Amino acid sequence: MKLPSLRDVATEARLLLIGIPVFLWTMIPIYHMFLFAISPKEDAFSGKLWPDHPTLHNFEIVFKQQHYFLRDFYVQFWNSTLIAVSVGVLTLLIATAAAFSISRLKVPGGRAVLNLALFTYFIPAAFLAVPMYRTMGNYGLLNNHWSLILAMVTIASPYAIWVLKQASDKLPVELDEAAVMDGATTLQIFRLVYLPLMMPSLVAIGTYAVLLAWNEYLYAFLLLSNDREITLPVALGNFLAADDSPWELLMTTGFIYALPPAAVYYAFRRYMVGGLTAGAVKS
Amino acid sequence: MAITLSGDQAIPGPPLSSRLTPAQVWGIILLAPYLLVFLAFVVYPVCYGLWLARDPSNYVALYNDPIFARAAINTLIFLIIGINIKMLIALFLSGFFAQQRTWIRWLSVIFILPWAVPSIPTILSVRFMLNPEWGVVNHLIFSFTGDDGPNWLNDPTVALAMAIGVHIWKSLPFWTLILITGRLAIPHDLFEAAEVDGASWWQKFRYITWPSMQTLYVTCTLLSMIWTLGDFNSVYLLTGGGPADLTHVLATLGIRYLRLDQLSLAMASIVCAMPFVLPLVYFMMKRLSR
């Protein structure tokens, strides 16, 4: 075994000098949340790095809905799930159809539609929220899950169309031409040639839309207000309304709420990194 | 489209449906759902909002509202200082994460966590850490110095700085990831050649890394500025715009007016941001649709 040279040790030390602060910076807010979740109420504020008596009692309270703030936990969890999945499915349907139409069928005006979509993508979502709130009121959709689903589809589809269009442009034209030669109809090309080849991008975009909807706070909090209609993030925000809000339960619920998207993200990371960074910034 | 000879123009054309190929008809049908969404939830709201904000008295009211001026300044600080600090750190860290080490690869998996988890619980976690009476930060200050720590979020400057910190915490991983892809695209033999020539660390960065990454870096900075304009959560969930409405940014101010039922003021405040937003959007669209 060769002993590391002095220079190697110095390089490693310099890297650690960057790595350790990066690790602490990343983990502290998350660890703080976790610590609250596993601490009994009286331990949570002691400032210790690990509680004297770690417990899952907080999770039990949340799962049994044993607190005023948590009485609709399951309904809200279900609302979040239903809305996220609906947004994922609708965005995929709308964006895939549009990308196929623009990229493969070269529909007249397709380029203009793409530019409009791109324009929407760049308008900050918080700015669109104000008129969107009023519009949903005019449509009579406030406090209805459809308002949030449609709003999130509106926000998710421009980027989805953009990424899917980029990906479809890379598929060779000869594939479509060969299918036409064989007498395939447009819909058959879409179903049998286009969709299978686009699968990796579709997975990435579906995941993107689901996570976007699951994580959304602003639109959910504007468009839904009834306790049994709201999603989990809005319920978490409502904890703050009370002065004596039970922090340890808020952090426990927050931890449960954060787990699914983190799991989905890590499960699909391979697709996300390739599919999304390519679309996000073209250098 | 079908080729039209100049002589045909006098003859009335066949009906639209027969002039389009079946593929084009399908193209229109498949594009229709998005167009409907776009018309109903982008065009209509935007036009309606502009119509609400048409009265010049709204802009006079905004001009006289000290909270609006403060929010505009806060937004500029957030964008100009916050984003540039974030992007410089991202540029620096992209070099760190491009190192081939097993532990650095593991660290990069952890590093992405803030981006992967929803912002609400983590921002609230930071908010609790900074709580003057119960928060862990002041608890530590007390146990080390015996003094009470400051009331962090009660000072507008500190509170805004903390909101910027939260924003950086959340979005740094995303931009670092993008800059890493940019860095890895630089041919490695350039660095090897520089190594042979005895180039310093700075020279390698100045003459190899930066020239290949500057376009990407500038694009990322501008894109991040546009998106940060819409960052509602970092400010709202950490400070709620307080103390005394001094830490609002344009994104939270519009919602504040909305909650106070002053919809036309909310729209007017957004219209005021457009002269800054639209050139950035135009520039980005030029970049992306090349």
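The chain as shown is numbered from 1 upward.
Cβ from N, Cα, C; glycine included.
Summarising the annotation, TrEMBL assigns transmembrane segment to B:25-51 (among others).
If you look at the transmembrane segment (B:71-94), the same-chain residues 6 or more away from its ends with a CB under 8 A from one of its CBs are 160, 163-164, 167-168, 171-172, 175-176, 179-180, 182-183, 213, 217, 220-221, 224-225, 228-229, 231, 247-253, 269, 272-273. TrEMBL lists B:71-94 (among others) with the feature transmembrane segment.
As annotated by TrEMBL, domain 'ABC transmembrane type-1' applies to B:72-282.
TrEMBL lists B:106-130 (among others) with the feature transmembrane segment.
The transmembrane segment annotation in TrEMBL covers B:158-186 (among others).
Among the features that TrEMBL reports, transmembrane segment is placed at B:207-229 (among others). Residues 75, 78-79, 82-84, 86-87, 90-91, 95, 167, 171, 175, 178-179, 182-183, 185-186, 190-191, 194, 199, 249-251, 273, 277, 280-281, 283-284, 287 of the same chain lie 6+ residues outside the transmembrane segment (B:207-229) yet bring a C-beta within less than 8 angstroms of a C-beta in it.
As annotated by TrEMBL, transmembrane segment applies to B:263-285 (among others). Residues 49-50, 52-53, 55, 58-59, 61-62, 65, 68, 71-72, 75, 219, 222-223, 225-226, 229, 250, 253-257 of the same chain lie 6 or more positions beyond the ends of the transmembrane segment (B:263-285) yet place their CB under 8 Å from a CB of it.
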